[in-house]
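Working notes, beginning with the structure itself.
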Amino acid sequence: MELKVIAILRRLNKGVALFVGAGLLVCATFVLTDIIMRRFGTSLGGTEEIAGYAMALATSWGMAYTLLEMGHVRIDILRSRADSFKRALFDVFSMIVMSGVIITIALKAWPVLERSIKNGSTANTPLETPLVWVHLPWFAGWVWFALMATTITLCALSLLIKRRHGDTEQFIGAFAEQETLQ
Amino acid sequence: EDLSVVGSWSSLPLHKSYEAPFWGTTLPAAGDFNVELTTHNQMSLGLGDIYPLLGQGVYDVAMTVADYAVSDAPELEGLDVPLIALSADEARAMVDAARPMVSEIYRDRFNSHVLAIAPYPPQVVFCNAEISSLADLTGLKVRASGRMTAKLLEALGAEGVNVSFSEVPGALQKGVVDCAVTGAGSGYSAGWWEVSSHLLPIPLGGWDPVVTAINLDKWNGMSAENQALLTDQIKTGFEDLAWASAQDALVNDIACLTGNGECPSGDARSMTLVDVSDEDFARARDILTSEVLPEWAERAGGDWATRWNDSVGKVVGVEIK
Amino acid sequence: MIGYVSIGLLGLLALSIPVGIVLFLLGFGIDAFFSNFPLTKGLGNMVWSASNSATLIAIPFFVLLGEILVRSGVATRTYAALDRWVSWLPGGLVHANIATATMFSATSGSSVATAATVATVAMPQAEKLGYDPKLFSGAIAAGGTLGIMIPPSINLIVYGFLTQSSIPQLFLAGLIPGLGLALMFMLITVIICLIRPDLGGLRRTFPFPQMLRALIDLVPILMLFGMIVGSIYAGWATPTEAAAVGVAGAFLIALAFGGVSWDMLTQSLTGTVKITSMIMLIVIGASFLNFTLASAGLGRELTEFMDGLGLSPLGFILVVVVLYIVLGFFIETLSLMVVTIPIIVPMVLVQGYDVIWFGILMIVLIEMALITPPVGLNLYVVQGARKSGNLNEVMLGALPYCLTMLVMAFLLIAFPSIALFLPNALQ
Ligand code: NA
Ligand code: NA
């Protein structure tokens, strides 16, 4: 059951990551177009502003994928010396703490969105981008990350209670996927 | 009284010569104040976050360029309109006239009380191109900061380009930009005279007023004596001093850049000072009042345009139609 | 407070909590114990402004560039070509590792990306040719660190961004120290392998015509370097935008070598997202921690500490060096820079040092931090690319290179013109 849920989340977030990656590619194209247009004395205008938004959105929506690929850096000096049960304890504890922090971030991201809704804020730039357009998807990304972290934690806890601690290693262990790290 | 204070850019003279001495020495000496001073760049705060966080009580006092907060309060752009104040005295008159509006905006938008408004040096234009009038800006690539300045430049026919302050010299040299707007003193000390030839000594970027405000709950919780003491001290020990030096600073900085007159801060340079003719200036003012300001009135909404006309507009002789 | 942060950091890291999350936790702790203000209220704003940055978008672009080069086979060809040229030296293929890392440093802004690229292509060779794993992998970890010294460099962009100094000048200043370090790495390898020939493995010589033909395989990387750095100095692109130029260039090269496929593209994109988020969680955590530390008066505490020592400028800079070496053991490097720059750099400037010069000195120290345990990202990257053995071997292998970097730091202090010659000459 738990492993099935994780498999589904992995597929889902791989899709999200592809989408985010494609967004970054579009952003690169946009920047490149601007560089070329400037050679001809014109400009798209506002690429810097848009690149900033792209980075904020890519960051918030990419976090969960990295989590599921066990890509967030952890130090395993003590952990690597423990047996499989204690390792699972390390991992579950770390996931509980992480979920708590991410939920806090998601909650605190709300006032930022709320302010731009309430004030109808627009960017302090000639584009005058309504900030709701960017704050909303950014906030949603952190909520998504919080949901993913919580679900993973619950799955791991459930496996731990069932004494299947060996199974948690494959989705909350450390460094499993390092060979693909670029 | 414990105060946690967030100052403006730590590297600029306003902070070094006026903010730091006032909060560090003058105020604690004058009364029972215990101040913890840092600056927003040392905290790496987002520029647009400085006043909203003040309103939430993350710190007690904050000061920065009012223009950084216009995302949340477009009506605040009216505090710093380019080209309408040409001397420090005029700029102060403009700021004083706007003060009641600014106080109201800070109370309603940022839950804070305005203590002082001090100037950065006027934002003038450095060009690495042969220009003799404002009209010559047409078609040039200009680096500006702030929304109203960018809009004015666009209305004048120039093209706005985004370049960070530290990259401006390289950009001017290579022709990525033809002109750039900054304070005369900042341009002198950052060596912009090495890479630009002409100086337009008019405040096309306004005066970048720096607003000092205190969290409203903190303010209301202070004793009446302390409120009076702080209000009085910040006026005489900070605001008046900063304004008093503003005009001299402009004259000196322009002398340093062009070599016309004494340069107290180091070697004088030889940029060409561009004389802005009356017709030229009238045309720019006309664009300002017929295009840029009405656009602002629309962004700000409400009766801000009327209130601006009745206060700032009266003082500087400009009316938004 | 400094004590609390150090002990808290070590304790929480030892519990295997992700590094980025630890930084947030420490920030919450500062808020709870050292500050009378509700600092955590600013959390949302800090997370937004730390990630809404056009400067930082260079990170995903450089990572993507590296992904494309590896997955299209360009990286492997480069490695093989350099092998032809340097493997006759005592140490053999170890020199190819350093040379390839130097080459990729010139197109990548990130040390992690550089080390990963080289490790992926080099590791299979080590096993095939029977190299001592320590020196071989240590050289990759250390060589990879050059990624942030030889332009382009994300860390120099961040330094320029935070100190308001010119990024192109920083890039110029990094060139000689970067190439100098590469040569010193090769020199120390030769010395070690002359003393202990068993560490070096096979020395191989290739016929000259083969060496000449191999040069063709270096052309793509050199072109890429030319595109990225050229676009900056021609005034066409800002240092950040140049990263986008690099992505386009890598794509063109991959196309030319027939290495573009749907699989390769999706893997490159998801790989990029993964590394970017990994880095960004740490960057955002560090900026929140920095915010709480600054609010709670760390700047004053540090300034008082340094003033209290009453040091000469030289003594001061030596204390700074020691500080970075110690902090570098435990703190992830980008966080280390973000957290310390606003506090340390103004003090260094007051002592009369040059901001560009100090940026380069700091990069050398940051490079050391990348290969010192327990928190040394490059060590983990290289270990991850190996199929066997443990981390200790990589750490041990990296040690001689670490000492070489320390020598470079002292050289920079003794002869500032190593860094400042190029920017001054081309001013
Ligand atoms: Na590089
Ligand atoms: Na380290």
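Numbering starts at 1 and runs along the chain as it is shown here.
Using the three backbone atoms N, Cα and C, a Cβ is placed for every residue, glycine included.
All TrEMBL annotations are machine predictions without curation.
As written in TrEMBL, here are the features:
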TRANSMEM  C:7-30  transmembrane segment
DOMAIN    C:8-417  domain 'TRAP C4-dicarboxylate transport system permease DctM subunit'
TRANSMEM  C:50-70  transmembrane segment
TRANSMEM  C:135-158  transmembrane segment
TRANSMEM  C:170-195  transmembrane segment
TRANSMEM  C:215-236  transmembrane segment
TRANSMEM  C:242-265  transmembrane segment
TRANSMEM  C:277-298  transmembrane segment
TRANSMEM  C:310-327  transmembrane segment
TRANSMEM  C:356-382  transmembrane segment
TRANSMEM  C:394-422  transmembrane segment
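Ranked by number of Cβ pairs under 8 Å to the transmembrane segment (C:135-158), the listed stretches C:50-70, C:170-195, C:242-265, C:394-422 are led by C:170-195. Using the rule of three or more Cβ pairs under 8 Å, pairs at least 6 apart in sequence, the transmembrane segment (C:242-265) is in contact with the transmembrane segment (C:50-70).
Listed by sequence, the residues of this chain that lie at least six past the ends of the transmembrane segment (C:310-327) yet keep a Cβ under 8 A from its Cβ atoms are 336, 340, 344, 347-348, 351-353, 361-362, 365-366, 368-369, 372, 406, 409, 413. Pairs of Cβ atoms less than 8 Å apart link the transmembrane segment (C:50-70) most often to C:277-298, out of C:7-30, C:170-195, C:215-236, C:277-298, C:356-382. Tallying C-beta pairs under 8 angstroms between the transmembrane segment (C:170-195) and each of C:215-236, C:277-298, C:394-422 places C:394-422 first. Of the candidate ranges C:7-30, C:277-298, C:356-382, C:356-382 contributes the most Cβ pairs within a distance under 8 Å of the transmembrane segment (C:394-422). Taken as a whole, the domain 'TRAP C4-dicarboxylate transport system permease DctM subunit' (C:8-417) shows an average pLDDT of 87 in this prediction.
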